[in-house]
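Undergrad: Annotated substrate binding site per Swiss-Prot: 128, 178, 182, 299, 331, 383, in sequence order. Taken from Swiss-Prot, the feature active site, proton acceptor applies to 180, 298, supported by sequence analysis. The Mg(2+) binding site annotation in Swiss-Prot covers 206, 208, 209. Positions annotated as N6-carboxylysine by Swiss-Prot: 206. Positions annotated as site 'Transition state stabilizer' by Swiss-Prot: 338.
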């Protein structure tokens, strides 16, 4: 859509650099003939221009304000390789079914970015343009990160393959639960919840995002009681177990102190929240790599900027940044649970985490091929409002390289925490066996679970309690190309 002639890129240097105000397209931030290089960082924005603002000019403004431009001509541009360093909007298309919205593609020269720094990347790409007055709204939908850039990052400290080898668990999803209530328990009672869940068959139990070090339970007490529970459950079951010890704190120094104590106690995993920021995430990732620890990422706060379709950042972009930054586990949605998540869109997030090369797939919201250049894979985590009665849907949607995390669906079991864990483990093992036997678990799943429940009282009680519970609401973030329905 549009071309240089539509607005008129000024080629004459005297006119281009004369003092005053020019349109962004006139300054060279629009080039409809540009062919992206393999080394370019590419970004796809969804923009909603103000009334009367040409979409090509809006795209050029995004390119300019996220690279080298300001509101007026500055002569110091001539002291730089300005033609190279300018980001270039090179394509604009209307968003299907969304009047007034446009997709715009922008290419960035690799030299604009510091190697190995998500903080620097985000400072450019999202640092300024989202407040720009000529746009009613702006959303970063997807990015293509060139191999040359990807190779400057270390990625996940452990990765899926090595994690499974350390745990000695193969051929099935991993099982987890979040301790409930998330706040208010004493350290001793908290540890009891962890033990009961692990003893019943879970692989992991986790701290929730906001349990740090509060008056009712100091972080050190939590760590001690949780690791006592982990060690006891491991000894009794013969399986490797873990608890995601949340080391999120007010300073990096305190986070390192908590991480060191977790290691001293023998933990295999620590956890941080997304809200600690990109520099902290990369720093803790480096610590985990050096100390042979898994890093679990809770995406606390992401919905403030990922959920709305018109403005913010798609979670697929956040997932790409986190794979570069280096996390081993990432909450990526359930599609069937209580939290926002269109099934096809969520599958796209999983693809970003687990594939060697993520291929363009408009139905799942993926606009670019992404070669991960051998970067380790992230284990997705499905968490939030899921229960044993949905086991067939979860495995059908997400396969086996995933952590299925049943918090309330374990701890809320009418016969107790251990019974809740048993119900989930039996449902999981039953569904994997049925899948391996060639059964159609998507359609036969409820029948398979009911049959298994005849021999497992905890599973029967779980199905009786939650079997009909669904969260069947329309998703707000869906593909613009293929309408999809909830699976619940």
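Glycine too: its Cβ is placed from the backbone N, Cα and C atoms.
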Undergrad: Given the recorded positions 180, 206, 208, 209, 298, which one's Cα is the least distant from that of residue 128 (substrate binding site)?
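TA: Checked the recorded positions 180, 206, 208, 209, 298; minimum Cα distance to residue 128 (substrate binding site) goes to 298.
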Undergrad: Of the recorded positions listed here (206, 208, 209, 298), which is spatially closest to residue 182 (substrate binding site) when Cα positions are compared?
TA: 208
Undergrad: Compare the Cα of residue 206 (Mg(2+) binding site) against each of the recorded positions 178, 180, 383 and report the nearest.
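TA: For residue 206 (Mg(2+) binding site), the spatially nearest of the recorded positions is 178.
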Undergrad: Could you check the recorded positions 180, 182, 206, 299, 331 and say which one's CB has the most other CB atoms within 10 Å?
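TA: Within the set of recorded positions, the most crowded position is 206.
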Undergrad: By CA-CA distance, flag whichever of 180, 209, 298 among the recorded positions is nearest to residue 383 (substrate binding site).
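TA: Among 180, 209, 298, 298.
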Undergrad: Please give me the binding-site residues out of 178, 208, 209 that lie within 10 Å of residue 298 (active site, proton acceptor), comparing Cα atoms only.
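TA: Taking 178, 208, 209 one by one, the ones whose Cα falls within 10 Å of residue 298 (active site, proton acceptor) are 208, 209.
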Undergrad: Between residue 209 (Mg(2+) binding site) and residue 299 (substrate binding site), what C-alpha distance do you get in Å?
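TA: Cα-Cα, rounded: 8 Å.
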Undergrad: Which residue, out of the binding-site residues 128, 178, 383, shows the minimum number of other Cβ atoms inside 10 Å of its Cβ in this structure?
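TA: Comparing Cβ neighbours within 10 Å for the binding-site residues 128, 178, 383, 128 has the fewest.
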Undergrad: At a 10 Å cut-off from the C-beta of residue 298 (active site, proton acceptor), count the other C-beta atoms across all protein chains.
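TA: There are 26 of them.
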Undergrad: Name the secondary structure element type, per DSSP in three states, that contains residue 180 (active site, proton acceptor).
TA: coil
Undergrad: Taking the Cβ of residue 208 (Mg(2+) binding site) as the reference point, list residues of the same chain whose Cβ is under 8 angstroms away and which are at least six residues distant in sequence.
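TA: Residue 208 (Mg(2+) binding site) has long-range Cβ partners 178, 179, 180, 182, 183, 246, 298, 407.
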Undergrad: Please report the number of other Cβ atoms within 10 Å of the Cβ of residue 209 (Mg(2+) binding site).
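TA: Its Cβ has 20 other Cβ atoms within 10 Å.
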